[in-house]
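Working notes, beginning with the structure itself.
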Amino acid sequence: MTAERIDGKAFAALLRERVGALAGQFEQKAGRKAGLAVVLVGEDPASQVYVRSKHKATVAAGMESFEHRLPVDTSEADLLALVEQLNADDAVDGILVQLPLPDHLDEQSVIASISPDKDVDGFHVTNAGRLAVGQNGFVPCTPLGCMMLLTDRLGDLSGLEAVVIGRSNIVGKPMAQLLLDANATVTIAHSRTKDLPSVVKRADIVVAAVGRAEMVKAEWLKEGATVIDVGINRLPPAEGEEKGRLVGDVDYAGAEGIAAAITPVPGGVGPMTIAVLLRNTLVAAHRNAGLEVPQSL
Ligand SMILES: NC(=O)C1=CN([C@@H]2O[C@H](COP(=O)(O)OP(=O)(O)OC[C@H]3O[C@@H](n4cnc5c(N)ncnc54)[C@H](OP(=O)(O)O)[C@@H]3O)[C@@H](O)[C@H]2O)C=CC1
Ligand SMILES: Nc1nc(=O)c2c([nH]1)NC[C@@H]1CN(c3ccc(C(=O)N[C@@H](CCC(=O)O)C(=O)O)cc3)C=[N+]21
């Protein structure tokens, strides 16, 4: 059996088109564009790449993009002051502070300073709490994108065994919460889990969000499992390569022979993250403008 490749890039392109059309309608109704502010502190090359692609995608969807690039030695007070200014700016519907931040800045305090109604990353404790108790808020983009791919493929997830590997606040935990809300039976594995291979073996759905290149082996998987690979890992450059290849947390080549379907890296979950960010921003715009959020978002 050769697993089906779940084309996140194509799915994300469709979502971006839909968001773009609705962004045009929003502009008609509200008399302004929906706006996303992205704050980047420092010059980490990977972060710069992400921020640039978010900017392009935002503009392409017919939304306003406000970029704020701050020097690496920015003080916490200055960063908090910028966030306050963006909280008060009616042209800004969504605020994203690119992580990771330089070591001298406390990520939790910075996230806490973002207005929960503009927190399109869904990282604020208020939004984590809303997700936990089932209220409307913002769900982190990566896990929400994974859910869209899963429900598109599998339909109803009721009763399926799901194993999430990783328990971070931005991926693993909200992912498990969403799967639970969809009535899957959820196990969360992490670095202290005993006998990870046998835990993974029972899963109809595996979501790998670890950050270790090709750690999940084909033999761990149950025949016919659906595999969502969140990991983005750059291998060291091979002979003659300038940059190493990007790989996920799953041994894709091996898993292809056992899984029913699997997301590739690149071209899987990554593009969904950006498309969902635009979707969340447009949801925020409707709420902030007092307009009904379109069903199809
Ligand atoms: N595609 C996308 O859009 C995105 C991709 N990513 C990628 O996803 C991956 C995970 O990101 P993130 O959640 O932020 O990472 P974190 O480093 O915050 O969390 C990693 C998790 O993996 C667990 N873990 C580490 N080693 C093992 C192991 N040997 N066995 C089992 N579990 C282990 C850790 O366990 P413990 O808690 O015990 O330490 C932790 O819970 C990264 O590769 C990141 O680049 C992240 C965000 C978006
Ligand atoms: N506040 C905040 N919000 C985030 O959502 C956030 C963040 N900080 N910090 C970093 C992580 C990571 N992340 C990715 C987004 C897109 C791709 C993506 O599009 N990846 C492409 C490949 C890109 C490449 O080739 O380098 C793909 O997988 O096909 C990957 C990773 C968002 N993050």
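Just so you know, glycine gets a Cβ as well, placed from its N, Cα and C.
Note that TrEMBL annotation is computational and uncurated.
The feature domain 'Tetrahydrofolate dehydrogenase/cyclohydrolase catalytic' is assigned by TrEMBL to 6-121. Across the domain 'Tetrahydrofolate dehydrogenase/cyclohydrolase catalytic' (6-121), the DSSP tally of helix, strand and coil residues reads 61 helix, 18 strand, 37 coil.
With helix defined as DSSP H, G or I and strand as E or B, the domain 'Tetrahydrofolate dehydrogenase/cyclohydrolase NAD(P)-binding' (140-288) counts 57 helix, 26 strand, 66 coil. Taken from TrEMBL, the feature domain 'Tetrahydrofolate dehydrogenase/cyclohydrolase NAD(P)-binding' covers 140-288.
The NADP(+) binding site annotation in TrEMBL covers G166, R167, S168, I232. Close to R167 (NADP(+) binding site) in the fold, though at least 6 residues off in sequence, lie K173, A176, I188, H190, each with a CB less than 8 Å from its CB.
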Cβ atoms near S168 (NADP(+) binding site) (within 10 Å, other residues, all chains): 16
In sequence order, those binding-site residues of G166, R167, S168, I232 whose CB lies under 6 Å from ligand 2: I232
Cβ neighbour count (within 10 Å, all chains shown) around I232 (NADP(+) binding site): 18
